[in-house]
Amino acid sequence: MKIITQILPLLIIGFTIILILLSIAWQRNHFMHASLTVVGLLLAIFSLFFVVHGSIANFTTLIHVDSFSIFYTGLVLIASLATSTLSYTWLSNNKDYKPDEFYILLLISTMGGILLTCAHHLTALFLGIELMSLPLLGMVGYTYRKKKVLEACIKYTIISSVASSFLLFGIALVYAVTGQLSFIGISNYALNEINYPLMLLAGLGMMIVGISFKLSLVPFHLWTPDIYQGAPTPVSTYLATVSKIAIFASLMRLFFYAPFNTHYEVKLLLCIIAICSMFIGNLMALSQNNLFRILGYSSTAHFGYLLVSWLVIQNVLVLETVGLYLFGYLLANLGVFGVISIMSNVSKKDTDLIGYYRGLFWYQPMLSVVMTVMMLSLAGIPMTLGFIGKFYIITLGINNNLKLLTILLLISTMISMLYYLRIVVSLYLYPAEKLHTNTYIQYNWALTSRGIMVLISSLLVLLLGLYPQPLINIVQWAQIINPR
C-alpha cells in the first residue's frame, strides 16, 4: 500500500488518460475532456501531500521516490496544469481540428516528465525522455495545416531523433565500461576510479550532447527559437517549462550520485557549454523582435547559468539553489506565455512581435504590470523571485572559487537586461495609431482561467521575491536521499 501511495500521481494521470479515451469513444465533448484533464492534474497535485507523508520508496530499480522527486513532480504537474488552461481557448478557436486528443498527448507527456523526476536508472531516464518527447511531436504539429506549425513539427522531430540517438549511444558506452545502468552502480564505479577510460569519457560526452539538445544549450540550441515561434503558444509554454525542468532534475540526480564533474575533461566541457550558452543565448536575443524567439534564446542563457551548479553539485547549497531558480523560471515563463496567449486570443492572431505590445499600459495597465513583473524576474532584478535564484547561483560560484565563471555570469546577466528592459519600456510608450481600435481594450481577461493563472504567477513572483523563506524551506526539504 505504501508503494502504491508513492506513485499515486502517476496512477491518477494514467487513470485520467484511460477515462478520456473511453469518453472520446462514447462522445466528443471538448469542455468535458478539458475539465477531466484539469481535475486529473489537480488531483495528482493534491496527491503529493499523501506522498510526502509516506516513506522513501523504490517502486522498482528504475524509480526512486524521495522529497527531491516529489518537489519536481509538483513543478511538472503545475506547468502541465497551466498548459491545459492555456490550451482550451486555443483549441476552441481552431475548430478545424479535433481538440480532445490533445489532452491525451499532454497527459502522456506529463507522465514522462514525472518518470524523469523519479528516474534512478539510465533506462528510466531514456524511457522518461522518450515518453515525454514523442507526444510532444503531436502537440507541436497539432494544427498541422498551418505552414509554420508543420515546419516546427518536422524540425522538432529531426532534432529529437538526433538527440535521442546521441543519448542512447552514450548510455551504451557508459554501460560497456561500468557494467551498470543504475545511478548507484555508476556512482560506485566513478568513486573507485581515478582515471576514467577513454570510452567512458566518450560515452559521457555523447550523453551531454544529447541532453544539451534537449536543454537548448550551445551549440545545440539553434532549433529552439524556430520551434518556439512555430509551435502553438500552449505547446511552447510546455516546451519551455516541463520538458526542460524534468530533464534537468533527472540529470541533477545522476551527477549528484556520480561525481563526474570532478574529472578535468568533463568539467572543462561543462564550463565551455555554460559560458557559450550564457553569452550566445543573450547576444542572439538582443537582435530579435519576436517574443517567442527572445524567450527561446533566453532559455538557452538560463540553463547556461544553471550549468554552474553541475560543476559543484556535491555542495550542500546546490540543490537549494537549483530548486529556487527553476521555480522562479517556471513562474516567469508561465506568466509571459500566459500574457501572449491572452493577447493572441482577443486579436485572433499571434501577437508575438514586441511592437504589438507598444503602449499596452494605456489600455490594460494590469496586464502590462504583469508582463513587467515577469520580465524583471527573468532579468534578475531585485524584489522578484528571479533575483533570489540568481543571487544563490552567484553565491554558489563565489563560495566554490568559480570566480571567473561568476564574473562572466554577471556580465551575461547585464547583457540580458538590455532586451528584457526593451520589452518593458515598449509597454509604457505612447501606442501607435493602429492600436487605438484594437479589440483587446475592452477585453476582461482577469476573469478567465488564463487570467487567474497569470495573476497568481505574478503575485507569487513578487511575494516570494520579497519574502522567499517559505520557498527556501521547501527546497531545503527537497533534497536527494542517497539510498546506499
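Glycine is no exception: its Cβ is also placed from the backbone N, Cα and C atoms.
If you check Swiss-Prot, you get these features:
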TRANSMEM  6-26  transmembrane segment
TRANSMEM  36-56  transmembrane segment
TRANSMEM  62-82  transmembrane segment
TRANSMEM  99-119  transmembrane segment
TRANSMEM  122-142  transmembrane segment
TRANSMEM  198-218  transmembrane segment
TRANSMEM  266-286  transmembrane segment
TRANSMEM  299-319  transmembrane segment
TRANSMEM  322-342  transmembrane segment
TRANSMEM  369-389  transmembrane segment
TRANSMEM  405-425  transmembrane segment
TRANSMEM  452-472  transmembrane segment
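For the transmembrane segment (62-82), the residues of the chain that approach it from at least six positions outside its boundaries are 6-7, 9, 38, 41-42, 44-45, 48, 51-52, 54, 56, 106-107, 109-110, 113-115, 117-121, 123-124, 127, 237-238, 241-242, 245-246, 249, 253, 319, 323, 326-327, 330, 334, 338, 453, 457, 474-475, 477-481, 483, judged by C-beta separation under 8 angstroms. Long-range contacts of the transmembrane segment (299-319) within its own chain (CB-CB distance under 8 A, at least 6 residues past either end) are made by residues 68, 215-218, 221, 224, 240, 244, 248, 251-252, 255-256, 259, 261, 267, 270-271, 273-278, 280-282, 284-285, 325-326, 329, 333, 378, 390, 392-393, 395-397, 399-400, 402, 405-406, 409, 412-413, 416, 475, 478-480. Sequence-remote contacts of a segment are chain residues at least 6 beyond its ends whose Cβ falls under 8 Å from one of its Cβ atoms, and for the transmembrane segment (452-472) they are 82, 85-86, 320, 324, 327-328, 331-332, 334-335, 338-339, 342, 369-370, 373-374, 377, 382-388, 446.
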